[in-house]
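Asker: Have a look at this one.
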Amino acid sequence: MEIFYYLVFGGLGLVVAAMELSKNNKDRINTTPAFNSFKNNYLLVYSLMMAGDWLQGPYVYYLYSTYGFRKGEIGQLFIAGFGSSMLFGTIVGSLADKQGRKRASVTYCITYILSCITKHSPQYQVLMIGRVLGGIATSLLFSAFESWLVAEHNKRGFDQQWLSITFSKAIFLGNGLVAILSGLVGNLLVDTLALGPVAPFDAASCFLAIGMAVILSSWTENYGDPSENKDLLTQFRGAAVAIASDEKIALLGAIQSLFEGSMYTFVFLWTPALSPNDEDIPHGFIFATFMLASMLGSSLAARLLARTSTRVESYMQIVFVISSVSLMLPILTNFLVTPSGERGGSISFGGCLQLLGFCTFEACVGIFWPSIMKMRSQYIPEEARSTIMNFFRIPLNIFVCIVLYNVSAFPITFMFGMCSIFLLVACFLQRRLLVIADKPKNEDWDALKERDTEAEPLNI
């Protein structure tokens, strides 16, 4: 069965190469040299930031286990990270809008570097502090950089459609190519050079430091709403009112939470799904295959976003249905394919079918990221962009914490079935968003700002 892995990886690689090389004028958008320089600067920074994140991912659990911690203790560390992101995410998002997105991006680098440094200690309390810092950094990674990009793009007067180019390229590079290269670098440091499981975290710190230097030397500052009379609670209230008063924003948040919740659950479950009887599977190679599938999705998204006749709200319904079906495969194979009772060995026939389905899901992930970024740039008001984006992550982090805490309490087929249902719900919500997309807001943001200004400040 080992040849199967190479066939899947090679097939995906050929398709990605063919799609990139066969792009014609309909698949490209004519831009200006000034925009290309701006885009390339952001892609460099984003790739460095994602390298700092991807280098750590495969080795976090392994590092904790080498320090002698049990599965339950490691689970608590992971829950602390997601819980930290949930508790502090809205605060750092609001601070990014008020104090500046460039400053928030630099804070991300510093916070994540400190988190990496804590990995040198085998003390549980120190590692817990590192997970809390990592959760804060994650909130900044998925809000401050995108908020800075959208605001700076608009401030420089670039065409709104050009944002889709930056979004799709960022996912293609940061969530695809950089992820694969980071896995290879981590493997080189830990296995080939035998530098130990902390080495990838030290390498991540170096990439983050380089990225921070680029930000400090080339980025300008931009803000959401820097009004001096706006305290944090007023910002929270304004963001909550914006979500409650505009159905499009609320739908977008629900869609994002449902898809990302399913995605993070998949991250926890794909290993036991492919090796239920402790089959010997190449985790690193499969991870690289998933990232290649994600690159395929982002390449396809670039083509879709380049065509003005194709609406994001329309094709994303199909993406959610396909992703739902792909996560149903573990359930179908459990009923239709006779499971093997042997322990160990190579991947089973059912596992091969599931791997193909999981690659399909990862391709959907590659389409999802630039598409959701495009929709966020259209529907979320600039004044509270980071705050609202981190509001969206609250139900996501609650869901992930619940899954982590109860991951061993339910059969794996139940978990995949739940994710599949979530994705179908996301499809229906996406359909609703398409129907109301062209309707005016119930209450514009200027009116909300005036109402908040009239409210008495709480001076927090």
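A Cβ is built for glycine as well, from the same backbone N, Cα and C atoms used for every other residue.
Per TrEMBL, the features are:
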- 6-22: transmembrane segment (TRANSMEM)
- 43-62: transmembrane segment (TRANSMEM)
- 74-96: transmembrane segment (TRANSMEM)
- 128-150: transmembrane segment (TRANSMEM)
- 170-189: transmembrane segment (TRANSMEM)
- 201-219: transmembrane segment (TRANSMEM)
- 285-306: transmembrane segment (TRANSMEM)
- 318-336: transmembrane segment (TRANSMEM)
- 348-369: transmembrane segment (TRANSMEM)
- 390-406: transmembrane segment (TRANSMEM)
- 412-429: transmembrane segment (TRANSMEM)
Asker: Taking residues 6+ outside the transmembrane segment (318-336), which of them lie with a CB under 8 Å of any CB in it?
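Answerer: Contacts of the transmembrane segment (318-336) (Cβ under 8 Å, skipping residues fewer than 6 from its ends): 259, 262, 266, 273, 350, 353-354, 357-358, 360-361, 364-365, 367-368, 371, 412-413, 416-417, 419-421, 423-424, 426-427, 430.
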Asker: Which sequence-distant residues neighbour the transmembrane segment (285-306)? Criterion: at least 6 residues beyond either end, Cβ under 8 Å.
Answerer: 5, 8-9, 12-13, 15-16, 19-20, 23, 26-29, 58, 161, 164-165, 167-169, 171-172, 175-177, 179-180, 183-184, 270, 274, 312, 315, 355, 358-360, 362-371, 374
Asker: I need to check the long-range neighbours of the transmembrane segment (6-22): which residues 6 or more away from its ends have a CB within less than 8 Å of a CB in the stretch?
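Answerer: Beyond its ends, the transmembrane segment (6-22) has Cβ neighbours at 285, 288-289, 292-293, 295-296, 299-300, 303, 355-356, 359.
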Asker: If we call contact 3 or more Cβ pairs under 8 Å (sequence gap 6 or more), are the transmembrane segment (128-150) and the transmembrane segment (348-369) touching?
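Answerer: These two segments do not touch.
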